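**Student:** According to TrEMBL:
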type: DOMAIN; residues: 3-109; note: domain 'Phosphatidic acid phosphatase type 2/haloperoxidase'
type: TRANSMEM; residues: 29-54; note: transmembrane segment
type: TRANSMEM; residues: 66-88; note: transmembrane segment
type: TRANSMEM; residues: 94-112; note: transmembrane segment
Amino acid sequence: LSNGFVAALLISSFKLLYQRPRPSIEHLVYAGGFSFPSGHAMGSMLIFGSLLIVCHQRIKSRPLQVAVDALFVTLILLIGLSRVYLGVHYPSDVLAGFILGFGILHFLYPCYDQKRFEWRFLLKQD
């Protein structure tokens, strides 16, 4: 939930700050507003990156961890590529979205890890 709030705030702020128009080629889908940074790229990094972190904590099998990592990284990259393919973002928009999403994940991960520790401690008390 906090990831989503921070992401929405950052995306809106950056789009208003830079006001970069979308590529001038014909878009395959409608996309309004400004181009920089890509909210879809940032969202995919946050969602699949969060799932990757949680799966790493739960999955003990190393080969399965590698397979899950490959799946989530592939999904993240494909979403970024699709934004460029559809003509609604420049590659730099997508890269900026990935970097912002990665930054949010690593900024908020210690908060999540602390809460996870507290929950585990509370569950052991029962």
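The backbone N, Cα and C atoms fix where each Cβ goes, glycine too.
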**Student:** Which residues of the chain, 6 or more past the ends of the transmembrane segment (29-54), have a CB below 8 A from one of its CBs?
**Tutor:** 3-4, 7, 10-11, 14-16, 18-23, 68-69, 72-73, 75-76, 79-80, 82-83, 86, 88-90, 92-98, 100-102, 104-105, 109, 112
**Student:** Go through the chain and flag residues at least 6 beyond the ends of the transmembrane segment (66-88) whose CB is under 8 A from any CB in it; none is fine as an answer.
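**Tutor:** Cβ under 8 Å, 6 or more out: 22-23, 25-29, 31, 35, 38, 40-41, 44-45, 48-49, 51-52, 55-56, 59, 94-95, 97-98.
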